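**Q** Here you go, one structure.
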């Protein structure tokens with residue numbers, strides 16, 4: 001139980017290093033007779049896949065293979081084995097990084113903790129690991145959509161100083177940057193282009209919107225729905241902040257002015273972000289995430305090697321100017337896995 | 001496993017309703033031979049205890065009773081049974097609330113989920129439940145302090161529009177508001193006085209500072225230290241946002257400017273808040289929390305009853321104008337429990 | 001997680017030493033709206049209670065107190081706090097045992113493991129701990145009976161050389177020895193009387209019969225129903241063997257002769273004991289347990305003290321000549337908790 | 001969490017159907033820097049591999065592939081991905097079994113539970129799944145051997161009416177039947193030959209002997225070492241009984257005669273099988289298992305199909321006359337995984 005599993009009834013366990021043979025996972029606890037195809041999973045993976053001009057140029061097809069648990073197009077209730085072979089792994093690229101702690105990367109903390117590490121491309125700490133989360137999340141999304149018509153939409157809220165003022169969720173899936181504001185889109189494309197040229201990276205703010213949420217998801221006290229969403233989202237590489245509903249805007253709100261009035265027709269507002277007492281209210285769930293700028297940049301930065309000597313590092317090539325973009329499908333997947341787990345937990349105890 | 005437990009090796013399980021006979025908990029996984037006295041636990045509970053002029057006037061002595069697991073002043077390695085009897089419970093105060101959904105409270109979501117609820121004072125959803133967290137956290141604090149000299153200091157960063165500009169941690173424990181800035185203190189006291197008069201409440205921003213953190217705490221992938229801290233802190237009533245290190249400031253940072261340079265003498269900055277790749281770096285851990293204004297206010301607010309009819313509610317008496325204050329010792333306790341759990345997990349696998 | 005919890009969705013966590021203030025437990029995961037009274041729980045506890053002429057003479061009323069989770073006669077879905085105060089604890093009786101390892105007791109292994117122990121009456125290792133299992137089991141029994149008419153009947157199969165040949169389950173609850181064979185009863189009573197006189201103890205074989213079991217309980221692979229029953233039953237003090245269905249009789253059976261033929265009317269036999277592939281078949285579940293003789297006897301036996309020196313020990317007074325008898329209600333409780341947990345797990349995933 | 005994981009700190013999660021593409025597993029919680037080679041794992045797998053004249057003739061090379069977690073010959077502390085491709089899968093062999101419930105197989109209970117099943121060769125319920133347990137167990141064995149010189153030796157104690165009277169453990173690894181008694185060996189070979197000719201199967205009794213066990217493994221109350229061993233061993237297909245130490249012989253033992261005297265030189269006997277109060281005493285651990293005869297036999301047996309109509313079934317070809325033989329390396333693996341998990345748990349809390 002060294003951290004490679006998440007969930008209680010629906011439980012994802014993963015393995016794999018960035019430049020090993022494959023990454024993979026086991027999704028356990030999926031009910032039987034859910035229709036799911038390889039194509040549906042692949043579609044989600046393609047959203048996260050690198051290789052576009054806005055993201056890393058590492059060429060990974062991220063082809064999903066299903067080894068078990070799905071039979072004749074339906075889940076069987078047994079554990080689902082998911083594998084993605086690594087294709088464009090060039091371990092040689094990393095030999096020069098073998099003994100260096102890249103700043104803001106996990107190199108330092110992994111080496112201090114384990115005394116040994118697979119240094120190729122971040123090894124286990126690489127965000128490549130998140131591809132399996134997306135694959136598993138595709139199954140959870142399907143389950144939730146089929147059962148509740150529930151949809152999870154992640155989108156760019158801000159990147160650097162560019163804020164999306166118009167949040168048009170219909171637009172999100174129509175551009176590869178998950179941008180909801182067409183006025184911002186050219187500005188963002190330009191920003192990314194410049195960052196690529198300069199070899200720099202930038203942070204971002206992600207929004208997540210969930211509609212058609214059933215009432216009653218979430219277990220009180222420690223496994224509150226918001227607490228478990230915070231857990232699963234903060235486990236995504238580079239996430240440094242999370243807000244539910246009004247989030248940090250609460251700090252200077254008055255109780256008399258920021259409460260969500262309940263009327264016979266339902267709630268009149270949604271300051272709470274769809275969760276009260278850790279349990280979903282049936283309103284839309286609203287989340288924001290802060291994503292730090294990628295640590296791998298081609299501008300030289302100062303650090304030390306494992307012997308404690310000063311050195312300078314410059315990460316060449318294939319990296320993301322804004323990891324906030326590819327973090328969006330990963331965030332959606334984590335929300336889907338958490339909600340589905342809580343739906344099963346609720347079913348166990350309350351229905 | 002309906003949400004009343006937290007932790008992996010160190011595991012706290014709790015029970016108890018706000019106006020039942022008692023609240024209690026079992027802390028399992030504490031190593032043997034840790035010296036701990038009732039007095040040390042009581043001292044932490046007193047920090048959270050209501051009854052001061054700045055907080056709720058409910059009179060609870062919150063006297064801890066230790067039923068097992070500690071023998072002749074030392075832990076024995078067996079499970080520790082902790083009980084706090086409820087004293088000032090006046091269930092009659094709540095009869096009029098029996099059929100009403102108080103806005104921003106858990107009433108609505110609990111009733112929809114369970115179809116039954118102990119309506120007295122919020123029942124299980126009451127923040128009274130957090131007293132046991134503080135008691136258990138006292139044991140974790142002792143363990144961490146004794147082993148590493150590790151200290152966890154929670155403090156007020158902001159309340160309403162009053163921001164603490166000077167963060168002097170030595171001052172925090174010297175005032176009942178956990179305020180680190182003596183210039184702000186009179187302003188805050190005045191704000192609370194006015195809120196009490198008006199029967200209103202306000203939000204707050206809490207800071208948590210952890211010093212003398214060992215390197216290597218945190219398990220990669222899903223049980224990253226920051227992910228588990230987010231989980232445990234977001235499980236505290238009224239927390240709506242969490243930041244690690246720079247948090248939402250990352251959104252417009254550049255990778256080339258916001259990295260923490262590593263030198264032979266250590267890190268030159270701490271943007272990351274003491275955690276890289278989900279593992280502690282040995283730097284101070286820095287966390288911020290957003291706390292929403294208390295939902296129980298004596299200004300009348302609009303809502304419905306369980307039959308769907310409109311009504312108006314006004315919570316009388318004994319409530320906190322800013323729950324952000326009493327949330328501080330609870331936050332410290334949750335950080336302590338999470339860090340101690342990860343210390344034991346690290347010991348299991350890596351030492 | 002040092003072993004004081006059991007179950008996945010329905011989860012019991014316990015605390016308490018034999019001669020401390022109280023023993024207690026938290027039962028988490030019980031669905032809301034199950035009717036349950038203190039009286040129903042007490043009735044089960046009375047079956048296990050010492051104080052009869054056939055068992056230990058320690059006088060414990062074992063009065064259950066319910067601190068939370070039950071409101072107006074119904075479970076609320078929140079965690080249930082259960083407490084039993086210790087009454088007839090005479091710690092002084094044990095001062096002379098402080099530094100001695102009683103053979104076949106846990107003294108040696110506890111002290112070697114923890115380096116510290118509450119030596120009073122076995123401390124945490126005492127079978128007194130099982131009273132809370134019975135209290136929690138009473139709730140599980142009620143749930144299973146109400147939902148499925150499911151009944152769990154434990155009974156004496158053999159004690160020393162006396163075998164019960166006639167298994168009349170209607171008789172089991174009508175005598176305090178849970179004996180199903182009235183021809184054996186006087187023999188057993190006589191055996192126990194003689195053992196008491198001699199200060200000796202004897203082993204026993206327990207049978208457990210479960211009727212009206214729903215089909216589908218049990219999770220394949222590692223959490224097979226029989227595997228989890230084995231776990232929960234082997235966790236009872238003094239259990240040294242367990243059989244499901246034919247058990248060790250299988251060793252010289254032929255596949256062609258010992259299979260359970262399936263007919264349109266159901267199974268023609270029940271060699272498998274009601275479980276196939278780890279999943280309940282709907283037949284009766286049949287289990288046998290081997291119970292070792294109690295270690296506390298008043299015949300002097302040889303051992304060493306904690307300093308490694310030889311000594312002789314003689315346990316005075318109040319002990320059970322056959323712990324197999326009081327182990328029966330405990331076994332029923334563990335089966336109930338395991339079956340209810342699996343019913344909830346099945347509900348989560350398969351219904 | 002539908003049953004495909006086992007262990008607390010060391011945790012094995014598996015997937016895979018008998019006639020799918022592959023079976024696999026993730027072993028999480030292995031400490032870093034344990035030297036382990038593919039060859040060492042393969043060696044264990046070869047012990048369980050079918051294809052000898054005494055076992056099933058299904059031709060599976062059972063070649064292990066390690067996808068992650070081992071780097072340059074050492075574990076890295078990250079999760080270990082293990083895959084075994086299925087080679088000799090002939091799903092067509094099973095088309096005629098599609099709608100039939102094979103007696104004593106999991107067909108009936110799986111179909112009733114899930115309403116869908118991969119009927120090819122038992123699907124997930126096939127003992128083929130245990131190959132991954134053996135692979136993971138090889139890593140645990142290596143860890144235990146390297147740290148404590150601990151060895152786990154499984155052997156045939158009885159098969160049908162043939163009892164091994166001489167238990168010479170040196171002989172066990174020198175014959176493919178794990179027989180410790182060379183006088184019995186020709187009798188057993190003859191028995192198996194005849195069973196193959198007749199198309200029948202037979203039960204067996206397995207012994208497990210563990211030497212050089214450290215003191216202190218096992219967590220009191222519910223996670224006692226014997227309880228967790230019972231769980232992990234009873235989860236192996238066809239196990240119907242388990243005994244620790246004297247097991248069912250306890251039933252007619254007297255307390256005064258069957259205790260293990262402690263002397264300054266250690267224990268004088270080992271009735272308890274190396275475990276007291278659920279914690280290892282440092283003596284050898286002694287376990288017996290009852291294995292039922294294989295359900296797949298080529299003698300026609302009566303059953304029904306999924307429509308409830310009577311039919312007769314005869315399993316052709318490639319099956320084991322005594323699954324007790326191949327269950328031996330699986331049992332060793334489960335013991336190794338359980339002991340290693342408890343060693344890590346003990347390390348977390350007690351060292």
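Each residue, glycine too, has its Cβ placed from N, Cα and C.
Bear in mind that TrEMBL entries carry predicted annotations, made automatically and left uncurated.
For reference, TrEMBL lists these features for the protein:
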- B:48, B:53: NADP(+) binding site (BINDING)
- B:124, B:125, B:126, B:237, B:238, B:277, B:292, B:293, B:294, B:295, B:296, B:318: FMN binding site (BINDING)
**Q** What Cα-Cα separation, expressed in whole Å, is found between residue B:53 (NADP(+) binding site) and residue B:296 (FMN binding site)?
**A** 17
**Q** If you measure Cβ to Cβ, which of the binding-site residues B:48, B:53, B:124, B:126 are under 8 Å from chain A?
**A** B:124
**Q** Long-range same-chain neighbours of residue B:48 (NADP(+) binding site), Cβ under 8 Å, sequence gap at least 6?
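**A** Expected: B:62, B:130, B:131, B:134, B:326, B:329, B:330.
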**Q** What is the total of other Cβ atoms whose distance to the Cβ of residue B:238 (FMN binding site) is within 10 Å?
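**A** Result for residue B:238 (FMN binding site): 23 other Cβ atoms within 10 Å.
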**Q** Among the binding-site residues listed here (B:53, B:292), identify the one with the smallest other-Cβ count within 10 Å.
**A** B:53
**Q** Identify, in sequence order, the binding-site residues in B:126, B:238, B:292, B:294, B:296 that approach chain C with a C-beta to C-beta distance under 8 Å; the answer is 'none' if none do.
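**A** So none of them sit by chain C.
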**Q** Kindly assign residue B:48 (NADP(+) binding site) to one of the three DSSP-derived states: helix, strand or coil.
**A** helix
**Q** So, in DSSP terms, is residue B:292 (FMN binding site) helix, strand, or coil?
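**A** For residue B:292 (FMN binding site) - judged by DSSP and reduced to three states - the answer is coil.
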**Q** Determine the minimum-neighbour residue: among B:126, B:296, listed as binding-site residues, which Cβ has the fewest other Cβ atoms within 10 angstroms?
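**A** Taking B:126, B:296 as the binding-site residues, the minimal 10 Å Cβ count falls on B:126.
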**Q** Going along the chain, which residues six or more apart from residue B:124 (FMN binding site) have their CB under 8 A from its CB?
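**A** Counting only residues 6 or more apart in sequence, the Cβ neighbours of residue B:124 (FMN binding site) under 8 Å are B:16, B:17, B:18, B:110, B:118.
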**Q** Just counting, how many other CB atoms are there within 10 A of the CB of residue B:294 (FMN binding site)?
**A** 26
**Q** Taking DSSP as the reference, which of helix, strand or coil describes residue B:126 (FMN binding site)?
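**A** Reduced to three states, the DSSP call for residue B:126 (FMN binding site) is coil.
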